[in-house]
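What TrEMBL annotates here:
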type	residues	note
BINDING	13-15, Trp29, 48-53, Ser56, Lys82, 120-124, Lys151	substrate binding site
BINDING	Asp13, Asp15, Glu175, Asp176	Mg(2+) binding site
ACT_SITE	Asp13	active site, nucleophile
ACT_SITE	Asp15	active site, proton donor/acceptor
Amino acid sequence: MGKFEQIKGFIFDLDGVIANTSVYHAKAWHQLADKVGVSWTTDLANQLKGVGRMDSLNLILKSGNKENDYSDEQKASLAEEKNDNYLQLLKSLDKSEILPGMEKFIEDLSAHNYLISLASSSKNSPRVLEALDLNKYFDARVDPATLKHGKPDPEIYVRGAQVLNLKPEECIGLEDAVAGITSINGAGEISVGIGDPEILNEADINFKDTSEVTLENIESAMKRKLNV
Ligand code: BG6
Ligand code: MG
């Protein structure tokens, strides 16, 4: 892990890091799992976190040994149904759904002239950022529709640094999902895991919730880790 002084940019996941929307994704997938007769477990919910729409559907079907039961066309319509369920749940989305401390943290980064990009797998991320009135803080965004591979592949976090014209070692990525931490680590950036440290045990730094995520806490966690 490099030094805190080297850091010039922060790359954010959205759902479950900035916005309280991962619970809505989970709810909508749970509805879909019920529909196709696959049991919903905490383990399945954790596997889906951060993973793109089609990959998520495939994981659900696989967990119920149903991966060969649907044609591509039927799968596309199931994924669309999940998205409709999700959009219903987003209808009342507003600033109250920004996770504790995150607007202040992003504001602080901006005030300290760090560059900020978005590395969300969600095709709904522009809509969510808009509803939360946070677009203004982002210097760049990775469009998940342009990716060859979704999280846990490193591609989205590699691009998250490129769109800021930064090297990976100059960036910190923030994630609530195992797939996201794997992606950040594979990209050669510093990973900050937000959530259960036993689940996010591959992260360079852990915080149990967003209220602990501050520049000061990141700096001291990195210094502690490097013993400086
Ligand atoms: C991620 C969420 O940010 O985006 C996943 O953590 C979701 O739960 C994925 O499946 C894709 O989102 P969307 O909105 O494009 O279906
Ligand atoms: Mg997330």
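The backbone N, Cα and C atoms fix where each Cβ goes, glycine too.
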Where Arg53 (substrate binding site) sits in the secondary structure, as DSSP reduces it to three classes: helix
Between Trp29 (substrate binding site) and Asp15 (Mg(2+) binding site), the C-alpha gap once rounded to whole angstrom: 14
Those binding-site residues listed as Asp13, Asp15, Glu175, Asp176, and which of them has the most Cβ atoms within 10 Å of its own Cβ: Asp13
For Asp13 (substrate binding site): DSSP state (helix, strand, coil): coil
Cβ neighbours within the same chain of Ser120 (substrate binding site) - under 8 Å, at least six residues apart: Phe12, Asp13, Leu14, Asp15, Arg141, Val142, Pro144
Fewest Cβ neighbours within 10 Å, where candidates are the binding-site residues Arg53, Lys123: Lys123
For Trp29 (substrate binding site), the number of other Cβ atoms found within 10 Å of its own Cβ: 23
Cα separation, Asp176 (Mg(2+) binding site) to Gly50 (substrate binding site) (Å, whole number): 8
Rounded Cα-Cα span from Glu175 (Mg(2+) binding site) to Lys123 (substrate binding site), Å: 17
Cα separation, Arg53 (substrate binding site) to Asp176 (Mg(2+) binding site) (Å, whole number): 17
Secondary-structure category, per DSSP, in which Trp29 (substrate binding site) falls: helix
Contacting binding-site residues for ligand 1, chosen from Trp29, Ser120, Glu175, Asp176 when the Cβ sits under 6 angstroms of any of its atoms: Ser120
Binding-site residues close to ligand 2 - of Trp29, Arg53, Ser120, Lys123, only those whose C-beta is under 6 Å away: none
